[in-house]
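Read the structure below first, then the notes.
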Amino acid sequence: MDLHQSATVRLLQEWCSHESPSGCRRHYNTRKKLKLIRVIGLVMGLVAVSTVPFSISAFTETYSQNNRGEASDVTGPRAAPGHRQRTLLDLNDKIRDYTPQPPASQEDRSENGTDHAQGDYPKDVFSLEERRKGAIILHVIGMIYMFIALAIVCDEFFVPSLTVITEKLGISDDVAGATFMAAGGSAPELFTSLIGVFIAHSNVGIGTIVGSAVFNILFVIGMCALFSREILNLTWWPLFRDVSFYIVDLIMLIIFFLDNVIMWWESLLLLTAYFAYVVFMKFNVQVERWVKQMINRNKVVKVTVSEAQAKASTAGDKEEPTLPNKPRLQRGGSSASLHNSLMRNSIFQLMIHTLDPLAEELGSYGKLKYYDTMTEEGRFREKASILHKIAKKKCQVDENERQNGAANHVDYAAEKIELPNSTSTEVEMTPSSEASEPVQNGNLSHSIEAADAPQATETAEEDDDQPLSLSWPSNTRKQITFLIVLPIVFPLWITLPDVRKPASKKFFPITFFGSITWIAVFSYLMVWWAHQVGETIGISEEIMGLTILAAGTSIPDLITSVIVARKGLGDMAVSSSVGSNIFDITVGLPLPWLLYTIIHRFKPVTVSSNGLFCAIVLLFIMLIFVILSIALCKWRMNKILGFIMFGLYFAFLVVSVLLEDKVLECPVSI
């Protein structure tokens, strides 16, 4: 057994000696580069980028629009002349009667003379004139601060509490990823929509969700294509699955928007579409296998090893089941796999896991580069590649020493598996500095992740799902970051039990409901300050939602996708960008509408806006352009695809702002 362990470790060291140190430690460097200070810098960059549509909106403001805004205040809160529907005049008036008006709206309207919907906000300590003289900078800083606060409360408290709930309920990881974890990642958008319906009395929630959808699809994919270390090849199934559901949901939303009102049954249909997606994810593996069996009728190539190795492997492992049926590869219903996911890296990590139910065996065969996004056929090809490399290295181990080692599994897999034609794919492994470390349970990852002792220790600390710590950092940069986020983290640390601590795990209901309360507070402050910024600059809340709020609430999506893209997981990055929007469209929008109709005795919700309907149509068109662009790039995420995505995103921003300001007329409006 010692001979086998030494031979295995020597093989890995010899293989990694041909790679550059940076290549062997690429996973460590990836995670270190994405610190919170860089996240703050990224948020500031997004704010700077969003000033482009703001400038367009400011230049298009005219006195006629101000007069039109005053007229709209007389006729109704978001009902502009020329946009009231031909048969809905009386209906809109009735709905307006049920909408509570803020007490200070008349004073604000007389002072500002704008067409902003006056929500139930407290009176600002700064007057409009003071804000225009520079006090608005404080509101901008506060709004950005709320973006960071929402990301922290979701990542550190809300999602871990959802993880405990899924463990208690015994929900499979696919369903949990499409439900609880999707809710955790989209909580800011959901609460923004709730605030827009019940407090702001505007379409800020719709604008935020639509803008966030476009941001996730175009900007996030563009960033992944530009910042990935290499050209990434995409597979069709995850993209086809999520885009198909998303297209159906968007078509339903466009149809429901045609009359500018949302009935209770329309909201219910959108929620039903979401539950259909959850049911599909429950049977995703079976459906994927069936579809690929129907499509792929290729020849298979039987991968074998030498007769002596095959006999030795058979003798050592005759009692084991075949590789596809190994229980340890199955993620369905595994609470341990759910708990050990990289949730500290992002709040959408478990939703990304819904790409493939067998996606958690990343470390079980060395650092397999594309393992997380592979189907069974892809995994078999990956293991065959390992076998090929081991055969080339002439790693011969005595059959008497081959007991429960990693070589058993590789040889056995090669003997049992029949594969379609494929090319060899890359295997990334980290060399071991301690040749005597044992190989545990047939898992190479235990003996290959200690290449550099200090670096491995630091990375292990980052990887572990450790509870939140308020200990003082060591270097200056981390200390500055700590002081910036301390006003957010300290109240959360005091009021919410950290369920990642074994002693606090039983208090998960307190963490769950407490996190919801904090998310509601942060979302309210974010929308309020965004309203003040828009009122000062002279733009509507809809435009704020399409630009600043959409980008701010999508920061976790962006960080997650860039991380996985830099690890070589292109399918995760693209599919998570599309899949995260399904929850927003089918829950984030219809749930507040349905609650509103129930509270107001099934009265419909008005969603009239100058450009939001056309923005939804533009979102649908942009989705088609994304598919065509990926196809034109031959299903590869390269720099050209990144620049195409950026161009489409800025085109969407400019056109949406011009439509909302009525500089352009929406050609599809009725």
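Keep in mind that glycine also has a Cβ here, set from the backbone N, Cα and C atoms.
Note that the structure is predicted; figures quoted are calculated from it, not measured.
Here is what Swiss-Prot records for this protein:
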{"type": "CARBOHYD", "residues": "ASN112", "note": "N-linked glycosylation site"}
{"type": "MOD_RES", "residues": "SER337", "note": "phosphoserine"}
{"type": "MOD_RES", "residues": "SER341", "note": "phosphoserine"}
{"type": "REGION", "residues": "67-86", "note": "region 'Disordered'"}
{"type": "REGION", "residues": "91-122", "note": "region 'Disordered'"}
{"type": "REGION", "residues": "312-335", "note": "region 'Disordered'"}
{"type": "REGION", "residues": "394-414", "note": "region 'Disordered'"}
{"type": "REGION", "residues": "450-471", "note": "region 'Disordered'"}
{"type": "REPEAT", "residues": "175-215", "note": "repeat 'Alpha-1'"}
{"type": "REPEAT", "residues": "550-581", "note": "repeat 'Alpha-2'"}
{"type": "TOPO_DOM", "residues": "1-38", "note": "topological domain 'Cytoplasmic'"}
{"type": "TOPO_DOM", "residues": "60-133", "note": "topological domain 'Extracellular'"}
{"type": "TOPO_DOM", "residues": "155-179", "note": "topological domain 'Cytoplasmic'"}
{"type": "TOPO_DOM", "residues": "201-205", "note": "topological domain 'Extracellular'"}
{"type": "TOPO_DOM", "residues": "227-244", "note": "topological domain 'Cytoplasmic'"}
{"type": "TOPO_DOM", "residues": "288-506", "note": "topological domain 'Cytoplasmic'"}
{"type": "TOPO_DOM", "residues": "528-542", "note": "topological domain 'Extracellular'"}
{"type": "TOPO_DOM", "residues": "564-578", "note": "topological domain 'Cytoplasmic'"}
{"type": "TOPO_DOM", "residues": "600-611", "note": "topological domain 'Extracellular'"}
{"type": "TOPO_DOM", "residues": "633-639", "note": "topological domain 'Cytoplasmic'"}
{"type": "TOPO_DOM", "residues": "661-670", "note": "topological domain 'Extracellular'"}
{"type": "TRANSMEM", "residues": "39-59", "note": "transmembrane segment"}
{"type": "TRANSMEM", "residues": "134-154", "note": "transmembrane segment"}
{"type": "TRANSMEM", "residues": "180-200", "note": "transmembrane segment"}
{"type": "TRANSMEM", "residues": "206-226", "note": "transmembrane segment"}
{"type": "TRANSMEM", "residues": "245-265", "note": "transmembrane segment"}
{"type": "TRANSMEM", "residues": "267-287", "note": "transmembrane segment"}
{"type": "TRANSMEM", "residues": "507-527", "note": "transmembrane segment"}
{"type": "TRANSMEM", "residues": "543-563", "note": "transmembrane segment"}
{"type": "TRANSMEM", "residues": "579-599", "note": "transmembrane segment"}
{"type": "TRANSMEM", "residues": "612-632", "note": "transmembrane segment"}
{"type": "TRANSMEM", "residues": "640-660", "note": "transmembrane segment"}
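When the stretches 134-154, 267-287, 579-599 are ranked by Cβ pairs under 8 Å to the transmembrane segment (206-226), first place goes to 579-599.
Under the criterion of 3 or more C-beta pairs below 8 Å, with sequence separation of 6 or more, the transmembrane segment (134-154) and the transmembrane segment (507-527) qualify as touching. Within the topological domain 'Cytoplasmic' (564-578), the DSSP-based counts of helix, strand and coil residues read 12 helix, 0 strand, 3 coil. Listed as Cβ neighbours of the transmembrane segment (267-287) (distance under 8 Å, sequence separation of 6 or more from its ends, same chain) are residues 172, 174-175, 177-179, 241, 245, 248-249, 252-253, 256, 332, 354, 356-358, 582-583, 585-587, 589-591, 593-594, 597. A Cβ distance under 8 Å defines the sequence-distant neighbours of the topological domain 'Cytoplasmic' (633-639), meaning residues of its chain 6+ beyond its ends; these are 221, 224-226, 228, 231-236, 565, 570, 573-574.
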